[in-house]
Structure formats: structure tokens, C-alpha cells
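Here's the structure we're looking at; comments come further down.
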Amino acid sequence: MSGFDDDFIHTIDEDDNVQVIEELSEEEVAVTTNKKRKVSKKAAKKNATKEDMDNSFTFNIEGGGAYKNNTMDWDFATTREKLKAETLVPRTNIDDIIAKKLKEKKQLKNGKKRKAIEADETQEVEAVNGEGANISDNDEDLAVDGFGGGVVEDEEESENDSQDDSEAESSESESEEENQGDQNDESDDEANGEDDEEVNQFEIERKKAYFAPDSDQPEMLYESFSAMNLSRPIQKGLASVGFVAPTAIQCKTIPVALLGKDICGGAVTGSGKTAAFVVPILERLLYRPRQTATTRVLILCPTRELAVQVHSVAVKLASFTDIQFCLCVGGLSVKGQELELKQKPDVVVATPGRLIDHVRNSPSFTLESCEILVMDEADRMLEDGFADELGEIVKSCPKSRQTMLFSATMTDNVDQLIRMSLQRPVRLMIDPSNQAAAKLTQEFVRIRAHKEADRPAVLLALCKKTFKRKCIVFFRSKAAAHQMKIVFGLCGLSAAELHGNLSQEQRLEALEKFRDGEVDYLLATDLASRGLDIKGIEVVINFNMPQQFAQYLHRVGRTARAGRNGRSVTLIGEADRKLLKMAVKSSNKQQVKHRVVPAELISKYKAKLEAITEEVKDVMKQEKEDKVIRQTEMELKKSENLLQHANEIYSRPARTWFQSDKDKKKSKDVGMQAYKSMFKK
Ligand SMILES: Nc1ncnc2c1ncn2[C@@H]1O[C@H](COP(=O)(O)OP(=O)(O)OP(=O)(O)O)[C@@H](O)[C@H]1O
């Protein structure tokens, strides 16, 4: 990067500290490495709370792979607390409505049982009196039992173990029909071959001219963070969260980022990209001039949850520094954020919309002094829906800034990147593009065209029989995720939902409940598909396949993170064959499997679903009614507020936006279309 003036934070090549790397001999590194000191979670926490530097501190060093330690969970507690304080009227709680429905059901069942016992007693009395009748099984009781647990459930448990292994077969067993389809696709590909070659050559030349030469990519591999010449407070921060050795993307990125270069970084999901950009930012900020507070770093994320997570990671890693952060995302109080921004925090972590709102409407907040701009999930942000907002943000930052873009499906499409006005970016791609995490097993359940309606029953069968905890299920729409939440609740499966129809507090609460194991399932839309890092997710189920392979990779990337094992199960329709082919192509063959859910099991759960249709409707009706009441209460509270603070409210200048309402709607529609096109058949 060129154009650093005196006020800019220093890159490592301008910094005397570079000597330290060279002076640290190999033996010294080896000695420290061999110590293998383990800092327990508890001790790390304790360290994190200490404000001052501890001179006797020794780093937590463990040689070998990056993921040896148990790293800490990121927490949303602070953000949730803030939100709780802002809630005007308590929200409708769907769990309460479902619980009420289940209670009613139980009461009904008990009532029936009592009646049956009374009837039996009468019959017995009658039998004694010589007018006997046979006592038959009460079918209705059994049906009711089947949903909440009890006898039928126990039976299922025992069936389960034997079925697990037999259900999974290798992909080689896929039918002839599928193979035929693949061959057709291939012959199409060949026909286009020559044209493609020319285009490819042109693209290769363009990329060559656009990106920095490959020689700018360091080939250094570091055994530990302490070998990276990072400052002591940063190393302490890393040790406190259990990071000992850098991952591949961290090895490559940190040195280049410290030089202030623009970066396009790509590495599979769960490979540590967050710390790859946070660490060099913190390191550089340690050397910032401190006379006047200035916001120097902006980190953009496509979703609020991801921004909350990145903020939490950054704050934890910076525990031993004086670096200040501010989280600016929609759904949190604008006023609170305005006050924080006034203090000129060093780093702002934001979602684009809310950030633009502040740039335009928060007095004294500007991006004029932004020296580093990071875009996490950059390929998503470069998509149509975000393009206008991004253009507005880039325009507000100085040209001389450093820009870093990261994603597991990072694009090196020059046309898209030009929008970001990068300066000879260094391409740091660790894994071949479009690849899933190494330890992910991908399973596919075939849904034939005339069986599309079976999807809910298949899902229920999978969750009831096989995947009983730490499972995230992706749906195409908010309505589908919500409806399934009710179905799961009525079927005795504990689930939380996560989608855009919930309040921000509910969204974070859902994530926390799932993370803490209070619920076994997270039923989500693509809101949760990118970036979220929840430890221990064992399975990702795709109720439907998204049309874009990249989106699929992000979804399944919620498991098998940080070198762990994981499994994905995708219900794959006839129209998704191409994507199945891509998954097979981009993975180790042994890791792609065909799962069969037995037809009788599907029939059983179809019947169960049919039997609870009315109950689902009831819950939805009750929920709607509660919503109306809450809405009215909200309006009332708002009017009261307005009356009480009318002068203040009306004297505020109206908030402005960079687009007209019409333009705003148009770009929202474009985004929505782009999203929907992912599912187009
Ligand atoms: N050096 C390290 N040592 C140990 N664990 C690490 C290290 N770096 C990151 N991790 C852990 O790896 C996990 C994945 O990291 P992160 O969320 O940054 O991945 P990502 O590459 O950004 O994934 P995604 O593409 O899904 O956004 C996290 O749980 C994080 O705590």
C-alpha cells in the first residue's frame, strides 16, 4: 500500500520490531516449543480479565497442527443484554404456545385415560354382574402417545442403532439413471469446450495483470504464533483463546497483511480466516498514534450474527491491548451506537446498511480516516443485493486504505473486484476453490420428483431416528423454518429457529440456546449459512439444496470446522443433479455417500405429520392472535413515548439514506431476486 502519512498506523516493514523475528534463533523457538505449556481454559479466562501486562507470562505453546487446543466459545451475552434493555413489549414466545398445546394434548389424553379406566371399572362391575364385554386397545391413546415420547418412542430408540450403518451406502451405488444424466451434462460441456478455452486464456491474462505476482505470496510455515514476531499483548490474546499454532491461511495472511498490502484471501470453511485478518489489524493498531482517537479500521460482515461473532472474536483477541471496538449492526439501538461512535473507537465492526446510516446521519462519524477495510464473506457482499451499499461505503473510505477480502468461496473475478478499487491485491488462496472441509462426510438423500411432498417426513425420520443433537437444518424460507419449528415442538424435538422474521434478541437467543445445548436443533434460513462458528455442530441437514454450489459449501461448512469431523445430509431433488455432481467432483469419493431412508419409515412419519396438521394450525392461529395483541401494545407504548418526548423527537433532523425510497426498494428487490435465483428450478 502506498500513501502512508505520519498519522497512519504502521505496517511491519516500517516498524523496528521486524528485527525481533530475525534475532530469535531457531534454538530459542525450539526450546519454547518443547515446553508445551498448557494453559487451561480457566487460566486463560483469568488472564483475559487482567488489564495489565504480566511480565512473567509464558506463552501456551504446543507444536504441530493449529487446532490442537480446545478453543473458547464466542459469546453474544453483552449484545443480548443491551437488546433486552431495549425491548418495549415482551415478545410472543412460540415455545410457550407449543408447550400449552402439548399440555392441552396431555390433559386430553389423561381425561381419555380416566374415562377409559372409569369405563373399564364399569365394565368390570358389569362383568362381575354377568354382563361382560371384551376390553380392547384404545387406538386413539396410542396415536397420541406416539408424538410426545412414551412406548412408541422407546421402540424407535432401539431400532435406531441397527439402522444407522445400513442406511449409508457409498456413492458408487447411485443409480444408472443418475449416471446417464451426468453423461449428458458432460457432452454439453464438450460442445462448449473451444469457446471456453479462449475465454479462459483472456481471463488468465487479466488476472495476471490485476493481482500482485505470485512471488508476493510468502511460503513461510510457522510452528507457532510466537514465531511470527507478533507483539506480546497479541500473543497473550491468542493464548487466552487457546490459539497456539497458526492455521495455513493465518500463516499466509498475517505477514502480508502486516505489510499493508491488499489481499484476496480464500480458504475452506472453518479454517481460521477471522483471526487471519484480526491479528494483523490488532498488531498494526498497537503502533497507532494515540494523541487523538480515530476510527482506523472497518470490518464489514453480511449478517448481524456474523458481525456480533467477529466483534466478539476481535474483542477477545485484543484483551491485553487498549484497542477500542464498536459494533454497528441493525437491530441494536442507533442511539447507543451513535454515542459509542462519538468516542472514535479504533475498530468498527458493522453490517453495511447500519454503517451507511451512521455515515449519513451520525454527526461527527466519518470513514475519512479509515486505514483498513475488511470484508468478511466478501463474495456475498460483492453480489448484486449489496453492490450499491458497498459502493457507497468504498466511496466514503480514503483511496489509500488497505483492503482485505475473505471468504471460503472467494472470487477472483476481476469484474467484481474492480468495484472495491483494490490496489494490486495479493491472492492468498489456500485450498482449491469450491471445496468442502477435509473432514466433512457429505450424504445425499434422493427425493424423486413425485415424492417432493415427502421432504418433511424424511426430515422428521432423520431427526427422530439418527441425528439427535447438535444438528442445524437449513430451509429456503422463513415460513418453512418456522412451521418446522412448530412441528418439531409438537413432536417432542427441542429446536430453536433462526431467520429474519425474529427480533435481533430472539435471533441471538436462538444461537445461544443451540450453542449451549439447551436445544438440539437449529432450524435456520441462509441467514445462518455463512461464517457462524458454533462449536460441536455434528450434522448439517439441507432440507433443500440451494442452487449455488458456493451457498451449499457455506451451509455444510457449519460443521467439520477447525479440523474436526462433521457430516452433512442433503435432501436432493431431481433438479439438483448438477450440484450433486459438483459435490462428488470436488470431494474425496469416500466422503460422498448415498443415504437411504426406508420407505416404511417415511410413511410412518407422513402419517404422524398428517395427524398433527390441526394442532400446527392451532398453534399458528394462537401465535397470530398474540402477535396482534403485542402489536397493539407496541403502538400504545410508542404513542405514549411520542406524547412524552414530542419536542425532542420532532426537533431531530430526519434520517437520510443515500438512495431514494424507490432506489432502495429496487436494490432490495435485486438482492431478493439474486437470493431466489439460488433456488430456481
Ligand atoms: N490458530 C488457531 N488455532 C486453533 N483454533 C483456531 C485457530 N484459528 C481459528 N481457530 C478456530 O477455528 C474455528 C474456525 O475459525 P473461523 O470462524 O475464523 O473460520 P472461517 O475460516 O472464518 O470459517 P467460515 O468460512 O465458515 O467463515 C473457530 O472455532 C476458531 O476458534
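The backbone N, Cα and C atoms fix where each Cβ goes, and this holds for glycine too.
No curator has checked TrEMBL annotations; they are predicted automatically.
Small disclaimer: the values here were computed from a predicted structure and weren't measured.
If you look up TrEMBL, you'll see 106-198 marked as region 'Disordered'. Residues annotated as compositional bias 'Acidic residues' in TrEMBL: 152-198. According to TrEMBL, the feature domain 'DEAD-box RNA helicase Q' maps to 223-251. If you look up TrEMBL, you'll see 223-251 marked as motif 'Q motif'. Annotated domain 'Helicase ATP-binding' per TrEMBL: 254-428, in sequence order. Per TrEMBL, the feature domain 'Helicase C-terminal' maps to 458-602. Residues or ranges marked as coiled coil by TrEMBL: 602-649.
Mean pLDDT for the domain 'Helicase C-terminal' (458-602) in the predicted structure: 94. Secondary structure by DSSP for the domain 'Helicase C-terminal' (458-602): 63 helix, 28 strand, 54 coil. Here the domain 'DEAD-box RNA helicase Q' (223-251) has, by DSSP, the following mix of helix, strand and coil residues: 17 helix, 0 strand, 12 coil.
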